[in-house]
Amino acid sequence: MEGFDHVTFWVGNALQAATYYIARFGFQNLAYSGLETGNRQFATHVIHQNNIIMAFTSPLTGDNKDYADHMMRHGDGVKDIAFNVKDVQHIYDEAVKAGAQSVKEPHQIKDEHGIVTLATIMSPYGETTHTFVDRSQYKGAFLPGFTYKVASDPLSNITEPVGLNLIDHVVSNHADKMMEPVVQWYEKVLQFHRFWSVDDKTIHTEYSSLRSVVVADKSEKVKLPINEPANGIRKSQIQEYVDFYNGAGVQHIALKTDNIIDAISKLRSRGVSFLTVPKTYYTSLREKLQHSSLEIKEDLDTLEKLHILIDYDDKGYLLQIFTNNVEDKPTVFFEIIQRNNHDGFGAGNFKSLFEAIERQQETRGNL
């Protein structure tokens with residue numbers, strides 16, 4: 001696989017959802033499909049920022065059962081995670097042979113910009129799907145059937161680019177005892193491998209805990225952390241998600257940047273809200289760093305001011321921060337991450353992250 005191609009959300013109002021991410025996260029309009037392009041079933045607004053592409057889809061009629069069932073059960077959420085691949089037919093054939101449920105067989109769509117080959121299978125959880133995309137013979141910005149004559153957002157003329165570059169990983173949450181079957185599906189069907197894992201002995205707070213396995217494709221350009229709750233005194237944030245999403249689904253999307261301080265400063269100025277981190281986290285961090293040979297290039301006072309978390313080992317470090325939920329329900333949120341020679345997933349920050357989310361769970365009456 002060549003990486004993530006795009007992520008598709010099914011939402012109640014595609015125009016308004018896309019506009020939110022344009023205004024708050026600094027995305028730009030990329031493409032549109034709807035009545036004006038001959039699509040009588042769905043309106044889809046596609047936005048982008050550097051190599052990140054997100055599509056938001058809503059139906060144009062009230063008789064689409066799949067959409068109605070999805071919204072009745074889940075509400076707004078990620079419907080499809082698409083991968084950029086070189087050989088759609090081969091990956092699809094191997095996946096179906098290994099037990100994947102086909103949604104749409106390999107097919108080509110074309111316009112004046114060229115040809116795109118696509119195929120879709122069900123993922124191992126919920127109604128979420130995976131689409132394989134080969135755009136090697138396509139010069140357009142997204143897909144045939146879309147118009148690229150879309151308005152530039154006025155905010156882009158008065159605000160600076162945020163600097164989010166690509167999708168680093170996509171995280172899904174599952175009910176207890178469901179993580180391992182999902183991991184095994186990715187190993188068997190897509191030939192992914194186990195890249196990283198933690199269990200409840202490592203990741204726990206006073207009240208709750210989790211288990212997580214990250215699976216990756218052969219190139220390790222696609223990474224999918226898979227979480228499940230573990231037994232605790234109270235309800236974990238993983239179980240809270242499963243309860244409110246009414247099943248397994250995508251919990252958060254991590255967006256990679258090369259300058260997290262600049263990106264978070266701009267996102268905050270745009271109105272994005274983030275989880276807060278207590279001062280004790282940074283006091284403890286400074287003490288630990290005194291006994292480490294690792295040099296953090298960024299100013300710790302600035303990281304503390306912005307509530308950015310740090311995880312590190314002897315070779316490098318990562319900086320990460322998590323938005324508050326972007327839906328009314330405690331389901332989807334985003335992570336902003338900067339990697340400095342570090343391929344981990346912030347295991348050292350899981351406890352702090354869990355405690356921050358638990359403080360919010362308590363205000364929601366869900367802890």
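For all residues, glycine too, the Cβ spot is worked out from N, Cα and C.
Of the residues H48, H70, H74, H252, Swiss-Prot puts just one in the Fe cation site with H169, E335: H252. Within 10 Å of its Cβ, the residue among the binding-site residues H169, H252 with the fewest other Cβ atoms is H169. Remark: E335 (Fe cation binding site) has D168, V171, H252, I253, A254, L255, Q320, I321, F322, T323 as non-local neighbours, by Cβ distance under 8 Å and separation of at least 6 in sequence.
According to DSSP, H252 (Fe cation binding site) is assigned to a strand segment.
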